[in-house]
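Below is one structure, written out as C-alpha cells, with a few remarks after it.
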Amino acid sequence: MKLYSYHYLINGFSVLITAQQADMLSRRQEVANVVLDFPVRTATTYTPQFLGLLKGVWPRDGGYETAGEGIVIGFIDTGIDPTHSSFADDVSDHKYPIPDHFSGICEVTRDFPSGSCNRKLVGARHFAASAITRGVFNSSQDYASPLDGDGHGTHTASVSAGNHGIPVMVAGNYFGNASGMAPRSHIAVYKALYKSFGGFAADVVAAIDQAAQDGVDIISLSITPNRRPPGIATFFNPIDMALLSAVKSGIFVVQAAGNTGPSPKSMSSFSPWIFTVGAASHDRVYSNSIVLGNNVTIPGVGLAPGTCSNEMYTLISAVHALSNETTLANDMYAGECQDPSNFDREFIQGNLLICSYSIRFVLGLSTVKQALQTAKNLSAAGVVFCMDPFVIGFQLNPTPLNMPGIIIPSTNDSKILLQYYNSSLERDGFTKKIVRFGAVASISGGLEANYSVSAPKVMYYSARGPDPEDGFLDNADIMKPNLVAPGNSIWAAWSTLGMESVEFQGESFAMMSGTSMAAPHIAGLAALIKQKFPHFSPAAIASALSTTASLYDKNGSPIMAQRAYTNPDLNQSPATPFDMGNGFVNAASALDPGLIFESTYEDYMSFLCGINGSIPIVFNHTGQNCQLYNSTVTAADLNLPSITIARLNRSQTVGRSLTNIAGNESYRVDWTAPFGVSMNVTPAHFFIAMGEKQVLNITFNAMTNDSTASFGRIGLVGNGGHNLNIPLSVIVKLY
C-alpha cells in the first residue's frame, strides 16, 4: 500500500510492505534505495525581555507591530489550536497580508472547520498515513486533522510567532502578557506527531516535503529520532536528507538538540545544514516556601497564592484524617488525596492538608489537580505536598495551584517537615490515638516571579556533543549543538485539548521545559534576521546567530552547564562548546553580525561525497553523481562558524572564508588554543571592504598524545564594533 509520493525534495515514495517484499525490492535494478521507517518523538511571557527584543531588536523596524512581517515559519509538530488568541489576525489595526510566496492551504475537517486559518495562521495540514497503517492512530485522541490534541505544537508555534500582548491566565492567576519572538510572522502547521504514539519518519518527511512546496521561509522541528540512525553516517537518514533539500531551496532549518543530556554524544540532531539548538535557563523563577511553627523555612515550588499573612494553620496529614470506612489497607494510596470520600471533613476543614507526592504523580496515575479538588471539597485552608522518598532525582517544574499550596521537591526537606509534624502530635497514653495536632505552618505565595538567579545556564537535560557521525559513535568534525536558547520554564500558548501535561489540562497557557521550547525561540529570531536580510541564505542566518552568541551570563561570569540529573545546581561547571556550541543566543547582535560564513548546497554535497562508501548512498538520496563534487572535502573543511577536529594526527590546516555584509572595517584576530595543541591563524590582522571576502587559515599542531577533548576559541575584533566568536574543539590528539 502506497502512503506518500514525495515530489518536491526527494524523488521517492513511502509504502507499507513486508520485510520480505522490501528485501526483494532492494535487489531490483530500478530501485535506488530502500529505507526502513522509524519513530520520532517531541523533544512566552518573559524571554523576549530576557533576550533584549523589547529595547534592542523590535524597535529597529517598527516595534512588535512589524517584527517578522512577511516571513512564514513552518512547524512540524502536533498541530495547533486555531481558536487561541495567540494566533488571531485581528489583534492590530496594522494590515496583515499573506505573503505572495506562500501557496499552502488550510485543511478543512470536522475538527478543523472552515475559517480556522486566517492571515496569521496561513496554512494547516496533517500527515498520518504511516501511523494509520501501523494501527497506532487513535482517532478519539489524535484527531485526523491539524487540530492539536497534545498541546506541544500550539506551545512551540506561539514561542516563535505568537501574537504580542496576550494575557496569560492559569488557574485563575495572571502571569503577565505573552509574545512570540517574531509576533508578526505567519504560521504554517504541518502536523506529523500525535499524542498517543509520537510520530514516524515517513510522515515527517511528507510534512517537510509539503512545507517546502508551500514556500515556507523557515522550518522548526522540535522533534528528534527515537534512536540513532543506522548506516555509514547519521547524516543519511531520511529526515536529514529531506532537510538538506529544503536548505537547497533556501529554507532555514531549526531542530531541537534532544532531551537526552547531560551525557556526552547524546545529540539527536546531526547534520551541518541543520541548526541545532540546546536548552538554557533564563533568570525568572517562581518559588514559594512554607514556614513551620518551629521557625524552620522550607522552599518549594507551586504557582500558588499563599495563606493569610501572619496566620499559622494546623497541619493535618492525609493518613491521619481518614474516614472510619477508609484504611490504608484498603486504599494504600489514600495519602495522595485523590478521593475526598476517603477523608473526615471535620479533621481537614480550615487546616493545611499534607498529601504524599509519589511516583504515581510522575506517571500521571495521580494528579495535583485531583488532590486540590479533594482539598477544596473538604474546605482545607491549603495543601502541602511532601515528596515520597522513592521519587529520587525527579525535577519538578512550577505547577499551577488554584488555592494556597506548595510542593516540596526535596525528599530531605520533606523529611524535615514530617519530623516536625510527627514530633508535634499528642497521643493518648493508653490508646495511642492522636488527641491533638500540634504542628502549625503558613505558606508564602509563589505567584510573583523572582529575577535574582544567575542565568543563562545549560540545562541538565539538554543533549550534548560531540556529534556522533555513525552508529559506532565515531565523532564527527561538526560542532553540535550550534547554540543554546531559553528552554526552561517557558510560558506559551496551550491547546485547550492538550494532554501532554495533565496539570495544564483545560488551560490556555502552559509552562513547559525542553529543547523543544528552545528551538522555536531560534526559529522566531531567524525570522527577524530574514526580514532584515531577505537574501540571506540559510548558512548566512546560521552564521549571524552563531558568531554573535554570548559566552557569559547576566552577571558577566562564564555560562555554566548542569552535569547531573539529580541536584543539577550542585553538579555544574563552565559550559564547553559541546554543551552550548557557540554560546547563548544574542538577538540584537545577530541582526548586525558584520561578517558571515557562507556555505552552499554544493559544499554539503562535497562533504557527503567525501564520506567513505557514500557514493551510491548519495546517488540514491539525491539522484546526483559524486563525480560532480570535490570529494576531498571533509567536515572540518566546511565553512562553518566553528571548528571541530575529531582526530588531530600531528598537524592539520583548515580554512574559513568570511564575507563582509557591513561597512569597511579592520579586524584583529585573537585565539586561545585547545589544551595540548599549538595553533596559528593567518592573517592576524586584515582590512575588509563591504561585500569583500577574507580567508583565514588555521593550523593545529598536536603537542601530546591525548584522547580527552579540549577547547579553544578564535575571536575577531573589528574597529567598527563587530565581534565574532568561533569555538574550537579537538578530541583526539596524536603527536
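Placement of Cβ uses the backbone N, Cα and C atoms for every residue, glycine included.
Over in TrEMBL, the protein carries these features:
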DOMAIN    2-42  domain 'Inhibitor I9'
DOMAIN    68-563  domain 'Peptidase S8/S53'
ACT_SITE  Asp77  active site, charge relay system
ACT_SITE  His152  active site, charge relay system
ACT_SITE  Ser516  active site, charge relay system
DOMAIN    637-730  domain 'Subtilisin-like protease fibronectin type-III'
The domain 'Subtilisin-like protease fibronectin type-III' (637-730) [mean pLDDT, rounded to integer]: 97
Tally of DSSP helical, extended and coil residues in the domain 'Subtilisin-like protease fibronectin type-III' (637-730): 1 helix, 63 strand, 30 coil
Ser516 (active site, charge relay system) CB neighbourhood, other CB atoms within 10 A: 30
Nearest-integer angstrom distance between the alpha carbons (Cα) of Asp77 (active site, charge relay system) and His152 (active site, charge relay system): 7
Cβ neighbours of His152 (active site, charge relay system) where a neighbour is any other Cβ within 10 Å: 28
Separation of alpha carbons, Ser516 (active site, charge relay system) and His152 (active site, charge relay system) (Å): 8
Cβ atoms near Asp77 (active site, charge relay system) (within 10 Å, other residues, all chains): 28
